[in-house]
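Structure record follows, encoded as structure tokens.
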Amino acid sequence: MTSFSFDRDNSLYKNRDALLEEYTPNNLVGRDDELEEYHAALQPIINGEAPSNIFLYGKSGVGKTAATRFLLNQLQEDAARYDDITLSVVEINCDGLNSSYQVAVRLVNTLRDPADQISNTGYPQAQVYSFLWDELDELNGTIIIVLDEVDHINDNSILYQIPRARSNGYLEHAKIGLIGISNDLSFRDSLSAKVRSSLCEKEVSFPPYDATELQKVLSQREQVAFHENALAEDVIPLCAAYGAQDAGDARQALDLLLEAGDLARKDAAEQVVDHHVQEARRKLERDRIMEGVADLTQHARLILYALTSLEAEDNSPARSRDIRPRYEQLCNHIGTEALTSRRMRDHLADLAMLGVISSTEKNEGMSGGKYREHALKQDLHLVVSALEETIELAGVHESIRPYYQSLLDERED
Ligand SMILES: Nc1ncnc2c1ncn2[C@@H]1O[C@H](COP(=O)(O)OP(=O)(O)OP(=O)(O)O)[C@@H](O)[C@H]1O
């Protein structure tokens, strides 16, 4: 019988935790231009002047939060050298806080003693703001409020109130600088002109990382996380190239390196090599598709199911008018009404964004006009497995029976 005893294995990793999300690197590499601009926007604070409100934007994993923590830590350290500066930083993530009211409550509770918290309901909004001004004024000095994922707040009230609190006479002692962070690139444009002009006084845009920048980020982590020579020479360049090609997201590139390291460890390999990276990439892509499909609405999944069944019959690429009858048939099975053709096309576009299907525009010139053709971009087995629940609900279509069966067989093994 195989032995399942555990022996410590430190052969590849020196400190695996350094590749996890929670780890904060000492230094930020590959973001010199952005840090320089951000630094300049924070400079008034150390000069004892009124702080600017700053808005940071850029896609996921491009270092917005990391740069904020890095510079604010530095700023706090340096501010301590000046007797006339009292600097406090309050950072909250607005994920899960949908309204200005909830954000204000969270801010009050972050600033208050644990024994003196307020509840999430029960006070008029004006009262909660008044609590907030009291807490801020008591702190005194310069206060930086960081609202990460600021686009999650559905109304703009707090983004309007905080920058104006002093000029409106609500604050006597405290000088507030608001830092808003968002990865929703349309958020800024959706703000009213009044809010935009105060929140976005200074803006710093964070572009996706290119391969050279990702190499720097990954090499820096390699030093901390892996033993010398634990990685073959091409591992970092390969992870960086994939990362840049995908989304320029440092989080994704670090995840790829971690997964490759874990696969090498599972193989008891002496080094992490090329094929570990390739395999890790396939695994992460698979996980991403499985999660992405699980998060889709039921109609999006039915549309994907319809296209999957056409693909299994070798009837793809297919136009949306060819997918529609199969989709309607599936809707019929579960007793729901099909969405309009227009909504269906929107869902096809979302599926293409997720990377589970590919949609190609065709142009038949004057006679035929433009249309799109859709096909699965991922392996049929993988999509059938991601759609398992929907298939159970809507019934197993004849065309996908062999794929569905092999999924069940695999499970039994
Ligand atoms: N320049 C960098 N040097 C070192 N590590 C970095 C760098 N940029 C990002 N990282 C790391 O990548 C991960 C994601 O970065 P971060 O959280 O700052 O991204 P973000 O732009 O705030 O993304 P999101 O909008 O998804 O929150 C973190 O683990 C961070 O430590």
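Along the chain as shown, the residues are counted starting at 1.
Glycine too: its Cβ is placed from the backbone N, Cα and C atoms.
Caution: TrEMBL annotation is automatic and unverified by curators.
Listed in TrEMBL for this protein:
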DOMAIN    50-201  domain 'AAA+ ATPase'
BINDING   Val62, Gly63, Lys64, Thr65, Ala66, Tyr209, Arg221  ATP binding site
DOMAIN    304-387  domain 'Cdc6 C-terminal'
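Structural mapping of features recorded in TrEMBL.
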{"residue": "Val62", "record": "ATP binding site", "Cβ within 10 Å": "25"}
{"residue": "Gly63", "record": "ATP binding site", "Cβ within 10 Å": "23"}
{"residue": "Lys64", "record": "ATP binding site", "Cβ within 10 Å": "25"}
{"residue": "Thr65", "record": "ATP binding site", "Cβ within 10 Å": "18"}
{"residue": "Ala66", "record": "ATP binding site", "Cβ within 10 Å": "18"}
{"residue": "Tyr209", "record": "ATP binding site", "Cβ within 10 Å": "27"}
{"residue": "Arg221", "record": "ATP binding site", "Cβ within 10 Å": "22"}
Model confidence over the domain 'AAA+ ATPase' (50-201) (mean pLDDT, whole number): 90
Where the C-beta lies under 6 angstroms from ligand 1, the matching binding-site residues among Val62, Gly63, Thr65, Tyr209: Val62, Gly63, Thr65
Site diameter for ATP, Å, by largest Cα distance between Val62, Gly63, Lys64, Thr65, Ala66, Tyr209, Arg221: 18
